[in-house]
C-alpha cells in the first residue's frame, strides 16, 4: 500500500491543475470568510413591549393578578408593564408611547367569579403591523381559553344545582374553581408547556453558508475521486496492480485514505481560517466531524463509480445526487426558512445532519446527536467501502471519450 501512496503522490505533484484547483477553492473560502467577518454588523437591542395598564377594579384579586405578571420573570423579560391613571396612559398611548393599552373595569374580579360578562378594554397600537398581529393573536388565545373556562364553570354550576347541593356550598366551590382556573389560564408557567418548534440551531448567515459551501466543496471533490477510480480501471491500472499481488481491497483502501487526506487538509485549513477571521471558538470536536464527512463522501463516490460501467453515466448520476443533497439539505435556502414538509425531506440527506452537528458544536451543545452522528456516518462509510470492493471485482469499466 505504501507503493500505491507513493504513486498517487507523484501523480498529484505532477498534476498542477489539481493543486491549483485546491488552492483556488481555499483562497475563495479565505476571502469570503474575511469579507463577511470584517463587514460591520449592526445589532440592535431587542426592545420590550410597552404595556400600559389601568386598574379600575382595585380589588385584591386584580392587584394580585397584576403583581403576578410584574414579578413573573418570563413575562417581564419581554414586556414592560406600566400602571397608571387612565387619562394619562391613554394620551401616551395615542402618542405611540405604548404598544398595548389594557383597562380592567370596575368589579371585574367579582363579576368574573360569578360569571357575569364584564370584559377588559384592550387597545393595540398598529404602528408596527407585525407586533400588532402577534399581540392580537396572543390576547385572543387567552380569550379563547378563558371563554372555555367560563363555559365549563357554567356547566359545573348547573350540575351542582341539579344534584341539590346547598346554594352556599355551590357558590363557594364555584368561586374556588373559577379563581383557580382563571389564574391557571393567565399564568402560562402553570398551564402552558413549551413545545420545541425546531431543534435546528440558530446561527448567523455567514456561519451557515460557510458550512454549506464547505460540505458542497467536499462532496464535489469526492466525486472527482470516483472518476479517477473508473479512469484508472479503464486504463488497466487495476489489472497491472493485480499482477503484482495487490488485491482490490488494498487498491480501494489506498485511494480512500490518500484522497481523504488530500481533501481533509484544505477543509481543515478553511475551518481554521474561518475561526480566526470570525473570532469563533475553536472546537476540537469539529475535526473528526470534518474528517468523517470527507471519508463519507469519498466512500459514497467510489461506491457510485463501482456500480456504473460508463463514466459519463457516473458523472451525471453523481452530480445529480450531490446537487439534490445540497438543495434539499439546505445548501441554498436555510433549513430554518423551509416549510415543515421540506424540513422532513431534508432530514433524509447527509448534508442536513452534517451541518446540524457542525452548528451544534459551534454553539457548544454536545448532546446525544453528536455520538449518534459519528456512529451513523462511520457505519455508512464502512458499508459503502465494503460494497465498492465487492462491485469493483466485476468486469472492466468502459470509458467513452
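Cβ from N, Cα, C; glycine included.
Taken from TrEMBL, the feature domain 'ABC-2 type transporter transmembrane' applies to 17-390.
The transmembrane segment annotation in TrEMBL covers 18-37 (among others).
For the transmembrane segment (208-227), same-chain residues at least 6 beyond its ends with a Cβ under 8 Å from one of its own Cβ atoms are 25, 29, 32-33, 255, 259, 263, 267, 270-271, 274, 290, 293-294, 297-298, 300-302, 304-305, 311, 314-315, 318-319, 322, 325-326, 330-331, 334, 351, 354-355, 358-359. Marked as transmembrane segment by TrEMBL: 208-227 (among others).
Here TrEMBL flags 256-274 (among others) as transmembrane segment.
Within the chain carrying the transmembrane segment (286-308), a Cβ under 8 angstroms from the stretch's Cβ atoms is held by residues 214-215, 218-219, 221-227, 229-230, 252, 255-256, 259-260, 263-264, 267-268, 271, 314, 317-318, 321-322, 350, 354, 357-358, 361-362, 373-374, 377-378, 380-382, 384-385, 387-388, 391-392, 394, 397, all 6 or more beyond its ends. Taken from TrEMBL, the feature transmembrane segment covers 286-308 (among others).
Taken from TrEMBL, the feature transmembrane segment covers 320-338 (among others). Beyond the ends of the transmembrane segment (320-338), by six or more residues, the same chain brings 198, 200, 202, 205, 208, 212, 215-216, 219-220, 223, 297, 304, 345-346, 348-352, 355-356 to within a C-beta distance below 8 angstroms of the stretch.
Long-range contacts of the transmembrane segment (373-392) within the same chain, counting only residues at least 6 positions beyond its ends with a Cβ under 8 Å from a Cβ of the stretch, are 229, 233, 238, 248-249, 251-253, 256, 288-289, 292-293, 295-296, 299-300, 302-303, 305-307, 350, 353-354, 357. According to TrEMBL, the transmembrane segment annotation covers 373-392 (among others).
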